[in-house]
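See structure below.
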Amino acid sequence: MPLYIHALACAFGLGSWVSINGLWVELPLIVNVLPEGWDLPSYLTVIIQFANLGPLLVTLAHKFCPGRLRENLAIYAVLSIGVVACILLAVFWNYTTVIFGQPRSTAFFILTFFLALVDCTSSVTFLPFMMQLPAKYITTYFIGEGLSGLVPGLVALAQGVGMSKCVNVTNVSDNVTDPGPSTFIVETQYLPPNFSTEIFFSFLAVMTTISLGAFLILNRLPRTFELSTENLVSDSDAVATVCRGLEDPMDPKTNCPEEVEQKQNEVLLPKPQHSSYQLAFIYVMVLWVNSATNGLLPSVQTFSCMPYGNMAYHLSAALSAVANPVACIIAMFFPKRSLVFLGILCLLGSTFGGYNMAMAAMSPCPLLQDTPLGDAIIVLSWVFFTGLLSYVKVMVGVILRDRSHSALVWCGAAVQTGSLLGSIIMFPLVNVYHLFKSGDICNTNCPL
């Protein structure tokens, strides 16, 4: 029976962020089809920030109507919406409508918003439900949550990416009386991947359905909830708790057993001491890291990677998705709380991010284009950028978690502020001022 519940807890956690993670790793195939092209990621970063309306509403409900919001019904709703949105996305993802004379991916954007709403809201509903189960199942839940980033990345690697080829196309005039000479142009054509985008989105729907099914069974299990240390998140799960991303700036789980136990023991357990300068450094680091990883760099990943080819972009997106949960696992087994060490990692990760941004600014003719070395460097740069800053995010969150509840609340606020600022800054630079230039593999002539 316990193994059965462990499997259910893992499957339940799998549905937390599988949809949005799946969208990001599928972008290398989508940007070649949808009219927004290379600008598409900048739209997604803004849409995801708007989707934080979900956890905000849940937080306000807990604040002003304590005890009125039934979390099991909220979970039913968000997972059901996720399943329906994934199914609709598999059918309508490439449907466009004309807005102000330009084709726009309206269906894709609307469905992406609902998927982001589901995943963001899961951050403030799934864990409170899991707190009703014994603590040993919470670790398994976090494993499933980590798999929500790992599994789509691995499936995307298995899917592959449509390789591009340059094809000569003859254009013949439609004028019958005076046809004129034929013109020859070179077009970029993309070969199909191992399986289609529709199948990939259907896979996301299946994963979300599995999560919903696991929750249905977990919610019907008989359970007794006692106010004891067995039902608390253990110290070994501290990293895993923070690894969820600290999506909500205000913790809705008031009066939970963990908080009661913490208040009972706060006199016995000494809190870590940091000077005001150290705390300022920590919060600036949180602000910067989340701005870079959730807004600034994702908005220009296409411009950074696509000039090196579809394969480079595909590997960068998929391996970066894998690097995030791997960094969380490393943080669980090798936690380092030294601010000097974390500052060095932040600087190193930011250096890789700076290289990625520089290549995006140089698009469509970045350094070492059309060379195996250039392809390898850009892929590794994105992987190290994501992995290093993910480790920093987790460990900084752990430091603030051990300090106090209010410190963790301010950490969540810094996470959201940084992510929002990064998205807002990049959107006009990409879509209004067009500082980043897209290109075509077959028709872009770069100086030697």
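Note that Cβ sites are derived from N, Cα and C of the backbone, with glycine treated the same way.
Here's what Swiss-Prot has on this protein:
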{"type": "TRANSMEM", "residues": "11-31", "note": "transmembrane segment"}
{"type": "TRANSMEM", "residues": "40-60", "note": "transmembrane segment"}
{"type": "TRANSMEM", "residues": "73-93", "note": "transmembrane segment"}
{"type": "CARBOHYD", "residues": "N94", "note": "N-linked glycosylation site"}
{"type": "TRANSMEM", "residues": "107-127", "note": "transmembrane segment"}
{"type": "TRANSMEM", "residues": "138-158", "note": "transmembrane segment"}
{"type": "CARBOHYD", "residues": "N168", "note": "N-linked glycosylation site"}
{"type": "CARBOHYD", "residues": "N171", "note": "N-linked glycosylation site"}
{"type": "CARBOHYD", "residues": "N175", "note": "N-linked glycosylation site"}
{"type": "CARBOHYD", "residues": "N194", "note": "N-linked glycosylation site"}
{"type": "TRANSMEM", "residues": "198-218", "note": "transmembrane segment"}
{"type": "TRANSMEM", "residues": "280-300", "note": "transmembrane segment"}
{"type": "TRANSMEM", "residues": "315-335", "note": "transmembrane segment"}
{"type": "TRANSMEM", "residues": "339-359", "note": "transmembrane segment"}
{"type": "TRANSMEM", "residues": "376-396", "note": "transmembrane segment"}
{"type": "TRANSMEM", "residues": "407-427", "note": "transmembrane segment"}
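Long-range contacts of the transmembrane segment (315-335) within its own chain (CB-CB distance under 8 A, at least 6 residues past either end) are made by residues 21, 24-25, 27-28, 146-147, 149-150, 152-154, 156-157, 236, 239-240, 243, 301, 304-305, 378-379, 382-388, 390-391, 394-395, 398.
By neighbour count, meaning other C-beta atoms within 10 Å, the densest spot among the glycosylation sites N94, N168, N194 is N94. Contact between the transmembrane segment (198-218) and the transmembrane segment (11-31) holds: at least three of their C-beta pairs are under 8 Å, each pair 6 or more apart in sequence. Most Cβ pairs within less than 8 Å of the transmembrane segment (407-427), among stretches 73-93, 107-127, 280-300, 376-396, belong to 280-300.
Counting in whole angstrom, N168 (N-linked glycosylation site) lies 26 from N94 (N-linked glycosylation site) by their C-alpha atoms. Simply put, out of 73-93, 280-300, 339-359, 376-396, 73-93 has the most Cβ pairs sitting under 8 Å from the transmembrane segment (11-31). In the three-state DSSP reading, N194 (N-linked glycosylation site) counts as coil.
When Cβ-Cβ distances below 8 Å are used as the criterion, the transmembrane segment (40-60) is approached by residues 20, 23-24, 27, 30-31, 34, 69, 74, 78, 105, 109, 112-113, 116-121, 123-125, 247-250, 252, 294-295, 298-302, 416, 419-420, 422-424, 426-427, 430-431 of the same chain, each at least six residues removed from its ends. Distance from the CA of N194 (N-linked glycosylation site) to the CA of N94 (N-linked glycosylation site) is 19 Å. Distant neighbours of the transmembrane segment (138-158): 6, 9-18, 21-22, 25-26, 126-127, 130-131, 194, 200, 203-204, 207, 233-234, 236-237, 240-241, 243-244, 314-315, 317-322, 324-326, 328-329; these residues of the same chain sit at least 6 beyond its ends, with a Cβ under 8 Å from one of its Cβ atoms.
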